[in-house]
Each structure stands twice: as structure tokens, then as C-alpha cells.
Amino acid sequence: MACTATALADHAISRVRFPTRDSRSQWRRKDRGLLCFRIRAETMATEKLGIKVERNPPESKLADLGVRQWPKWGCPPSKFPWTYSAKETCYLLEGKVKVFPEGHADEFVEIQAGDLVEFPKGMSCTWDVSEAVDKHYNFE
């Protein structure tokens with residue numbers, strides 16, 4: 001019989017089986033007492049005020065989407081209105097922004113470097129850029 005341990009890291013749970021003393025073929029004397037296991041951190045997308053944000057997606061996902069081949073856009077710290085005439089997916093390389101969707105009073109979504117973000121078609125909002133932005137973007 002083996003023991004099971006559960007580890008939690010960034011919304012990911014990994015179960016790891018540890019051999020007991022009875023399964024000596026799997027348990028070497030020098031390993032006794034050591035608990036070694038790998039925790040795989042997975043990202044989780046969240047949606048707030050119609051904006052989907054995935055923090056630090058794996059490089060494999062960015063490659064599957066072709067993000068590094070998308071056009072780039074950037075701006076210095078500033079504040080400006082914007083309306084999305086098509087759905088936009090973007091990946092922030094640098095920067096920090098508070099996005100205030102129209103009709104939501106003082107509510108905002110904060111996005112930053114390392115975020116994969118999806119804005120719906122038709123959304124009007126105000127971008128409040130506190131740190132210069134450099135991003136890849138794609139309109140559908």
C-alpha cells in the first residue's frame with residue numbers, strides 16, 4: 001500500500017504516490033524519510049466585467065496561439081478611451097494598466113506584463129496606463 005500526498009500551488013493540485021516500507025522494490029534504504037515531489041503550477045483564466053485574463057500562461061499555449069507572430073503595439077503612461085470594434089486577444093510583454101469598462105462606475109480590471117487578455121467586441125472602456133505598455137495583439 002502507498003501513501004498519497006496532495007500539494008496545492010496556483011490553483012493546481014498534484015497527487016503523488018509515495019511507496020511504503022512494504023514495497024521495498026520501490027523504496028531504497030537511502031531514500032527513506034525523503035519526500036520529493038514536483039508541483040506543476042497551472043494558470044487559470046478569470047473573467048471580470050467581460051474581460052478575460054490568464055496570468056502567466058505557459059509558453060506552449062502562447063506558441064499554439066502564434067502570439068510571437070502577432071503585431072506589436074505600445075504606449076507610454078497615459079489615459080485614453082477605447083472601443084473594440086472586434087474581439088481582441090493580447091499578450092502584455094511589459095506594463096501595467098487599469099481598464100475601466102464603460103457603465104461600471106469605478107470598477108476596473110488590472111492587467112500587467114505576463115497576462116493573456118481577451119476583450120469582447122463592442123466593449124468601450126478607458127485605459128489608465130501606469131507603466132509603459134508593450135504588447136502583442138490579434139483582432140478576430
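Quick reminder: no glycine exception, Cβ is built from N, Cα and C everywhere.
Just so you know, TrEMBL annotations never went through curation; they're auto-generated.
Sequence annotations record features per position, and here TrEMBL assigns domain '(S)-ureidoglycine aminohydrolase cupin' to 63-137.
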**OP:** Report the DSSP secondary-structure composition of the domain '(S)-ureidoglycine aminohydrolase cupin' (63-137) as helix, strand and coil residue counts.
**Re:** 6 helix, 47 strand, 22 coil
Subject >> Reported mean pLDDT - the domain '(S)-ureidoglycine aminohydrolase cupin' (63-137) >> reply: 98
